[in-house]
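Here's the structure we're looking at; comments come further down.
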Amino acid sequence: MIVADSECRAELKDYLRFAPGGVGDSGPGEEQRESRARRGPRGPSAFIPVEEVLREGAESLEQHLGLEALMSSGRVDNLAVVMGLHPDYFTSFWRLHYLPLHTDGPLASSWRHYIAIMAAARHQCSYLVGSHMAEFLQTGGDPEWLLGLHRAPEKLRKLSEINKLLAHRPWLITKEHIQALLKTGEHTWSLAELIQALVLLTHCHSLSSFVFGCGILPEGDADGSPAPQAPTPPSEQSSPPSRDPLNNSGGFESARDVEALMERMRQLQESLLRDEGTSQEEMESRFELEKSESLLVTPSADILEPSPHPDMLCFVEDPAFGYEDFTRRGAQAPPTFRAQDYTWEDHGYSLIQRLYPEGGQLLDEKFQAAYSLTYNTIAMLSGVDTSVLRRAIWNYIHCVFGIRYDDYDYGEVNQLLERNLKVYIKTVACYPEKTTRRMYNLFWRHFRHSEKVHVNLLLLEARMQAALLYALRAITRYMT
């Protein structure tokens, strides 16, 4: 424990230095500032060119959204800048993001930020860990807790198991895990507290996916460098503009790729209109095939395994525990989660509304905002119905978490999602800390960056909903 304390203490200032409103050393030296000046302005993302998002001042984003709380700290953070490329979604996101962290609720404010630290640390997401460390201290949290889980109260430490499962293998959550947290005792959780904690955990796990998926960089350095400005909000008629949606891949070849995708989408939509029925057995067979093929969708073997940082390990129990494919060769797979047996609309939403009424409606609005978001454009084309493509992405994310929709033809996934996109989706959803710039660049090379951010919004929400469904189903079974 002494080693863990010393390692965490040494790293703590470094992370707080990059957090909004953070504390730490006086800032980098003159040599570092000169080097940064030579490089020019740094954007909010390592993947997206700075000129793609820095269009207008931060005030334009706040004015467009009408969110005073966003600017309460006097700055717009990098995550908001990138996500703000889609301000209609960001409005719903911010309401839910703000609610469990800052409004009245069963958990103390400092506890909420500590739970967020625990969640983000599972994916080694230093961006979120640093941000919530600063917020933890600003809300009166005990600095000793930041030396590691062993310094936190036993009640918080009891969340480690369900945090681990929600982050990596939510299908393993059972009513016994819920019972262990709620059973009468000295460090017991109330049901209201647990629901808020589960929303926080799943929110921060999925937000870690967005941070890694979009290459979000730390905020302005501690020497007072200004925070990035916000992007221009898109019009309702078109997707947020890029200088050249084909600039990464060579115009004619990319145009052919887009046209081929458009043709596949058109054929699928026509077959749906003709109601060309597929038997239930065939639908189930196609799901099992897609689930099995997902075993082969993995990052390149030359991707180095990220080395866990000591400051992250302070907040993580069983760090070797990670995502494993829902269906593994030679292993007994858990039963498939049939979405019709426990849906968000009919079961999860009503349970959340009953136990956490402030959050249920906002969660539902956020899921719908991401799923239905469209500008009716693809790359250089406008007037496009993208519903089948968005549905394929959403359902593929749920597929890798073992969730099947009986009324969905999983053959559409293979028709619409190229392999590079599948690799990216699975990496960002399941082990986001392995995401690389190359993965980001390889998929949809002919699409706008804002469209790639849109994919990450679908990833964020589909992943969060999948984990919540497993947790809420376990609570329902515990209560019945």
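Keep in mind that glycine also has a Cβ here, set from the backbone N, Cα and C atoms.
As annotated by Swiss-Prot, N-acetylmethionine applies to MET1. The feature region 'Disordered' is assigned by Swiss-Prot to 20-45, 222-252. Residues or ranges marked as region 'N-terminal domain' in Swiss-Prot (evidence: similarity to another entry): 66-239. According to Swiss-Prot, the feature active site, cysteine sulfenic acid (-SOH) intermediate maps to CYS125, an assignment based on similarity to another entry. Residues or ranges marked as ubiquitin cross-link in Swiss-Prot: LYS175. Residues or ranges marked as phosphoserine in Swiss-Prot (evidence: similarity to another entry): SER249. The region 'C-terminal domain' annotation in Swiss-Prot covers 308-480, and the record cites similarity to another entry as its basis. Under the heading L-leucine binding site, Swiss-Prot lists THR374, TYR375, ASN376, THR377, THR386, GLU451, citing similarity to another entry as support.
Per-residue pLDDT, averaged across the region 'C-terminal domain' (308-480), gives 91. Look at the binding-site residues ASN376, THR377 and count other Cβ atoms within 10 Å of each Cβ; ASN376 has the fewest. Look at the residue listed as 'ubiquitin cross-link': DSSP puts it in a helix.
Among THR374, TYR375, ASN376, THR377, THR386, GLU451, the residues given in the record as binding L-leucine, the maximal Cα to Cα distance rounds to 11 Å. Long-range Cβ proximity for THR386 (L-leucine binding site), meaning a same-chain Cβ under 8 A and a gap of 6 or more residues, is found for MET265, THR374, ASN376, THR377, ILE378. Sequence-distant neighbours of LYS175 (ubiquitin cross-link) (same chain, 6+ apart, CB under 8 A from its CB) are ALA474, ILE475, ARG477, TYR478. A Cα-Cα distance of 31 Å separates TYR375 (L-leucine binding site) from CYS125 (active site, cysteine sulfenic acid (-SOH) intermediate). When the recorded positions CYS125, THR374, TYR375, GLU451 are compared by the number of other CB atoms within 10 angstroms of each CB, THR374 has the fewest.
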